[in-house]
Structures are given as C-alpha cells and as structure tokens.
Amino acid sequence: MHTSISEILKEKTLKSSRRSLPCLAQSQTHPENLNHFLSVPLSPEPKTYSHSVSASCTHILPPPTDTGQDVYMEEREAGGFAPKTDETHHVQQKPVSRGKLEARTESIQGNSLENPSGLMFRDGKKRIDYILVYKKSSLQVEKRCTFERNLRAEGLMLEKEPSLTNSDILFVKIHAPWDTLCKYAEQMNIRMPFRKKCYFTDWKKKTMGSQFQLRCRQLKSWLPRNPMKLDKEALPDLEETDCYTAPFSRARVHHFTINNRETFFSNSTRSRIVHHVLQRTKYEDAKSKMGINRLLGNSTYEAAFPPHEGSYKSRHPIKTHGAQNHRHLLYERWARWGIWYKYQPLDLIRRYFGEKIGLYFAWLGWYTGMLIPAALVGLFVFLYGLFTMDSSQVSKEICEANTTIMCPMCEGNCSSWTLSDSCVYAKVTHLFDNGGTVFFAIFMAIWATVFLEFWKRRRAELTYDWDLIDWEEEEEELRPQFEAKYSRKERVNPISGKPEPFQPFTDKFSRLMVSVSGIFFMISLVLTAVFAVVVFRLIAMEKFVSFQWEFVKKNWQFATSGTGVCINFMIIMSLNVVYEKVAYLLTNLEHPRTESEWENSFALKMFLFQFVNLNSSTFYIAFFLGRFAGRPGDYNKLFNRWRMEECHPSGCLIDLCLQMGVIMVLKQIWNNFMELGYPLLQNWWSRRKMKRAGEQINSKEGLPQWDRDWNLQPMNAHGLVDEYLEMVLQFGFTTIFVAAFPLAPLLALLNNIIEIRLDAYKFVTQWRRPMPARATDIGIWHGILEGIGVVAVITNAFVIAITSDYIPRFVYAFKYGPCVDKGYRHEKCLRGYLNNSLSFFDMGEFKNGSFQNQYCRYRDYRAPPWSPEPYDFTLQFWHVLAARLAFIIVFEHLVFGIKTFIAHMIPDMPKDLSDRMRREKYLMQEMVYEAELEHLQKERKKNGKRYHHEWP
C-alpha cells in the first residue's frame, strides 16, 4: 500500500542536504541588484521571436548570367538600427560609416547605465546566453550565414553588435527563449526542481538521538566559531535548498516549481543548452558538416563563449551594497588573496563554472586539507632530526675524526682529506636520515590510501548535493577530425542506431604502435638527458675537488650536487615544452573517436612524459649514485676518463634530498609565475590595444560585457589537463620519495594554498568564462593517483633499504655493535659504527707512487690489504645485503596489507547517504503518482466528469 505524501510531510525533518537547483529560483539564483530586470510574468511569450533581429546575411538572387548558385553577401553591420517588432523577412541594411559607429558608443554606454552588466539584448529584456565572435574580413561568409539561419530555425534568437575597440570584429549575441529551453532541456534530460523535499527519522533517533543532538549543539555553541567557514550572510545565494529534482518534461511541466521563467533555468544551464544546439547545427548540407567546433577550426568564427555576469569589481563595498553579480561574489569571497584561509564556496563555483570545474576545485581543496596532517608529521620528523643532530653518534664520530684520512676523490692533482672536513655535510644528512624516516614513510603510504578513499566519499556527497547521481554522460559527438578521416567507412552505432564513421582495427592498432614507439623514443631522450647530467656531475666533481677557492674545495659535494640540480632543472623545463608538442602530435595521430577519448589519451601521455622527465634524475641519485664507483685502486671510469661518483661516508640521502628540494621549489615558483604572469601580460597588452583603438571610451567600465570578455584570454585548449597534471606530479613528488625529504608535504601545502587562490583569480578575472560542463568524477586522474600510491610504497621501501643508512646501522647495532648482548639502546649502541663502515686501502698501491707507507679509508665493507684475501667483500656486507632485501619484502607486504585493509574498511559512500538516496527514490515514485493523480482529478472536475480516489 502506498504511503500518502501528506503523512510523510508531518514527519520530523532532519538537516536538509544542499541540493543544486533552487526550489524558489526567482529569489535565489541572482543577487538583489539584478532582480529589477529579471522579473518576467508567467504569461506565454509571443511566437514571433524566430527572427528577432535583422539578419546579417542577406540572400541575393543571382543575376541571369550567373550559374544559378546562391550568392550570400555579408552585411557590414556597424550602425544603429532600432529593433523591429516584426522581422520575419530578411531586410538588407546599408553599411554604416565609422562616424556613425562612434555616435553609437554613447547610446551603448547609456544602455550600460540602465543595464550595468551588459547581459541583455537592446530591448533590455532578452538575456544573452552565448556569444559568437567573427571578423568581417573572414571569407567564410556562406557557412556563417547558413549556420546562423539554422540557429534561428532551431528557435534561438540572434542579435549582432560591432566591437567598440576593433572595427573588424562583430559579436553575435544568442538568446534562448523559454520554449527552446524547455525543448532541449527535455532532450538533454536536465533535472529541475520538482517538489518540496521530505525527510524521515528512525524511531530510535526520535527517542534517543534528540537529547544527544541537543547536548552536542549546546557544546558546539560554547566553542569559538571556525574562522575558515564562510558566513551565510556573505553568500546570500547559497542558502540550503529543499527540493527534489526530476528530468524535465514539457508534458508534466505543471509538476515543476516554476515561479519565474527567467530564473527557472540557471545561467550555466542556459549556456549548456545553447552550446548543445551550437554543437549540432549544420552549416552545410553534408551529413558531417555541423558544429561550432568545426567553424572555429576553419576560422569562420574567432571565438564562442558564454558571457561573464558583469564586472568582478564594484565601487561600493559588498558588505553594505551586496554583490552586483555572481562573478563579483566569487571574486570577493573566493578569488581575493585576503581570504586565503577560508573554505571555498563550492556550490557557487559549481553554479557559475559548471560541475567539471567545481569538482576540480573540490578535489584540490580536499587534497590541500589532507596535506595538513602529512605536513605536520613531516615537520615533526624534521624537527626531531634537528634537535638530535648534535647528539647523533654518527655525526659526532665524523666531526671528531681529525685523524681519519680519506682516499683522494680523484686522480692526479687531488690529495687525501680528513673525514672531519665533512662535519656540516654529516649533520645536514641527519636532518633527513634519522629514526623517524621509516615511520614517516609508512605513514605517508597509509595517508595516500586514506586520502583517495575519503575522496571517494567526498565525491559521492558532492554528486548527491549537485544532483549528479542519476546523470549519465550523453553520447558524445564524434570529433571532426575523426569524421573527416573515416567518413568512407561506416557502421551502425549500437546506442543511437545511426550510421557513423568507423576506424578499422588494423588502422587503430598500427597508429597505436606508432604512438607507443614515439613515447618510448621520448623516454629514451629523457634518459639521454639524465646521462648528460651524470657526465656533467663527474666533470664538475673533478673541477671542484681541485678548485683554487678553499671554500668550494672544502664543500665540493654541495657544489657538485647544487650545480647538477640546477642544470637538470633547466633541462627538465626545456624538454617539457617539447613533450607537450610531441604528445599533441601523437594523440592526433591516433585519431581518437570523441573529445573525452582525446583528452584521456593526451593526459596519459603528458603524465608519462613529465613524470619520467621530472623523476628520472631523482631515481638515478636514489638507486644508482655510488653503487658502481668501485674501490680505490680499481675505480670504474666512464669512457676510461672520469671516475664514477661516490656517496659521502654519511650516506647518499642528502644528495637525494637536495635534488628533490631544489626541483620542487623551483618548479612550483615557475609554474605559479607562468599561470598568473602570462595571462596578466597578455591581458595588459590587450587593454593597451583597446585604449589605442577605442579612444572614444573614457574607461574600461564603459565597454559592454561582450567586448570586455573578448579581450580576456581563453581557457587552455587542453581544458583542465594542465591543472590536474601539475597537482598529480606534485602528489607524486610528495609521496614517492618522501622518506628522503619529509618537508615535501609542507612545501606542497604552502604551494596549494597559493594555487587555489591563484587559479580562482585566473578563472574569475583573467580568463573568459568556460562552457559549464558536467562531470561526476575527476576522470583518468583517479587511476593515475592510485598507481602513484602503489609506486610510492615500492620506492620508499627501496629508499630506506638502499639509499639511507638505516639498515647498515640497524645490522651493526644488533650484530656487531657494543650492545649485542645487552639489548638495543639507540645511539649508544652505534659507537664505533663509522670505523666499522670504512675500509682500508694501501695508498702505496697507486701507480704514481706519490703515497708511500700510508693507509686511507673509503666507504665499503671490504677486507683490509693485510688480510689473506685483500679487498674482498666481508661477511658483514652480505649480512647488510640480506637485511636490505628482507626489509623491502616485509615493508611492502606490511604496507600493502594495511592499505588493502583500509580501502576495504572505508566504504565509497556513507551509509546515511545511501539510505537517503534509496528513501528519496521511493518518495519520488510516490510524488509522481500522487501529482499525476491530482492533476487528472482536477481535469475531470473541470470537465464535469466523475472521478474516484484511485488511478483512473
């Protein structure tokens, strides 16, 4: 038996969820300052809007001597003409001189005073939903005229405006009337507000939960207010809504909550509908000749974008006068640097830029928040190394080894040196190679799993709040390049049932093989660059060891590592430019079928290229530096010329730390500069050209919105690929070698705090408004993040076992140290470790004979020259090697087991959310039943027919 809705409404309500679409849209969608021109009555609009503006393309009959083809002439529309009430016929307009154009400036500025945002047609009633830009000098006149005529046939209304800063530019303003919005909203299955939301409570919560909740609220009221939360007064448009949504249907339009037709569809929804029409409108009679993307590609149009909602700045403070528009509100409550510590207004971001961009900022904010505990633990590990630096037994022995003669670092003019000369180097090494290293590596491996698992839960909440649970990505249209390439071969689409171009398997496989070969070639180029850096380090090492300046000669290891890192960074940034172009060419060579396939393929190539480019030198330092150096008297030489580089007696971890720190800091600074500096310079140049061309305009505020948006920079051609790529590479740097650099999470946290506001400032002020696209997740990047988490466990196990000295110290303390029979007591058990880890070499064996009857020390586990088998590996070497392999196996299995257990224990969706979704699905069915029954009963009563309280 069905439950009555009237009974459900009487139940006690819980806290309502923040659903996306407003229940009373006429007062919630726009700020108060815009409501004065958005109040439109509900009466039906007249049907005479199909040609609301004078056509810019006039159809001229061909002369008798012509071949009979239609000739289209472009109207040089630049002058003032009054809007007509009946424009069902194309009327040719006369060209208007530049003088009249200047005279029109005053009228447009006057109109701007009445309509500050400049978002309306000339009549001040029709809202601009999309803008097309083209040049009068363009030769693609026929295609443009056909395209615009077909847009009018689809129900869109067009109006043209000349640019006030460039006489060759014309803007086509597009407005979607109510009937057109309803038609395509139904086709696109857009979910709209349906009925008031109802909630239920369990009887246990009614009896037991009320007291607990009341006490929690009292306790919360005593606590100080969270300074990171945004005030509800600061975001008046984001009050929690309380409506169910359902796919829009014109047949059941009476079921939806429509208080104002102008605000029922939000600005982003209107833009998506117009973009949908633009993508599917033909410009020629051929089957595949359609879509705005192709017209942008062949220069028929210069740009296509939805307009910003006015200026992002105001002369009046927002606290006293309120926000002028959503863009102004986003700038004041999100993009300003002064509110860097505040939470992001994700609902407003999603409403203005769409779900896809909203999910990116939600993920970035979640990632930044999760970095806080990782940064604190890493800082604690670093401070632990700092406070115990002077008390470290290994550092003490190195600093006190005044009589320990080390073997020369090069041959020829190099001399021996004392171990105490590297005292500072040993102390700095202890900052990052101490007892907390293993703990921090395990912690970060678990942190990566917790971050991804809780992000799944956060994503589920966002998709529920933003009404994306039942949204399925519509069938994407084919890329124009794919259609042009494979137009001769067709097959029936299993979803749409229509014939479409088809790429044979052999062609696809051959192109994929060529692309894979290109990827391996670029990776080999990266390895070649790393090899060049290695050669540079070997040459620099010899030069710095024999340098005339005593300071450089004493700190030759710092000098070698520092210059090598800087050279490597310049090579990395130079090759990144090449990789982007190669990835673009290889992706186009594959001819992906749809835009999402193209974006995923391009993103994967860019990640592989830049990941290898960024981390190849780091892998060399971590796992190869000093492993193949040989021993004194039998050194391995590169090209029989340069000795292979050795590690410091205190370990190779400091070299790895220096490599990571310098590259991470320099790359973040460079990326932030390019992200903000480049658009700022471009927009400054555009404003300078505007001042030159439009001297009649007193200020930038006098320009209409379409002119101002045209002079902004378009969003990156690759969408959010560059934004995600930067953060994913940073995630890899933060997790993969975190055992060598515990400050990496802290640097990432500081960078991301800046990155959020920098990206916000860029999206709000420097870029044109992107098309609000929908998405339910972050796409291929989630799989890449999971792969990085697996690689991080393996690399950290090898870093601790091979790169650091943790295992050799551990073996010495338990097997060879003074505490073998007394139990392990930390630093005291490492007495004599330095002498134990250094082997002897007879310098009299040098061929030049310059050293006689003297022994030098070097880092290795080899027998002394006076033993029966000189310079062979000792038993301790094999013990250390076995301990390293055992540690790698135990560490990996332990961490992978913990990661799997945590992933299994944390569900992808909160249970209360799952229950609420099932409950709402049931209530929706009841609502549809009762609403339809009520509607039919009213119709029968109106017609005088009998009705019953049951389904008719």
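From the backbone N, Cα and C atoms, a Cβ is placed for every residue, glycine too.
TrEMBL annotations: computationally assigned, not manually curated.
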In TrEMBL, one of 556-579, 652-675 is tagged transmembrane segment. Which stretch would that be?
556-579
Do we see three or more Cβ pairs under 8 Å linking the transmembrane segment (437-455) and the transmembrane segment (512-536), pairs being at least 6 apart in sequence?
no
Leading stretch by Cβ pairs under 8 Å, where the reference is the transmembrane segment (778-802) and the options are 360-387, 512-536, 556-579, 607-630, 877-902:
877-902
Per-region confidence, the domain 'Anoctamin dimerisation' (120-346) (mean pLDDT, whole number):
81
Counting Cβ pairs under 8 Å to the transmembrane segment (728-750), which of 360-387, 556-579, 607-630, 877-902 comes out on top?
360-387
Using a Cβ cut-off under 8 Å, which residues of the same chain at least 6 positions beyond either end of the transmembrane segment (360-387) come close to it?
343-344, 346, 349, 430-437, 439-440, 443-444, 447, 450-451, 454-455, 458-459, 462, 720, 723-724, 727, 731, 734, 738, 742-746, 748-749, 752-753, 755-756, 759-760, 778
Close approaches to the transmembrane segment (556-579) from elsewhere in its chain (Cβ under 8 angstroms; 6 or more beyond its ends):
409, 422, 425, 522, 525-526, 529-530, 532-533, 536-537, 540-541, 544-545, 547, 606, 609-610, 613-614, 617, 645, 648, 654-655, 658-659, 662-663, 666-667, 670
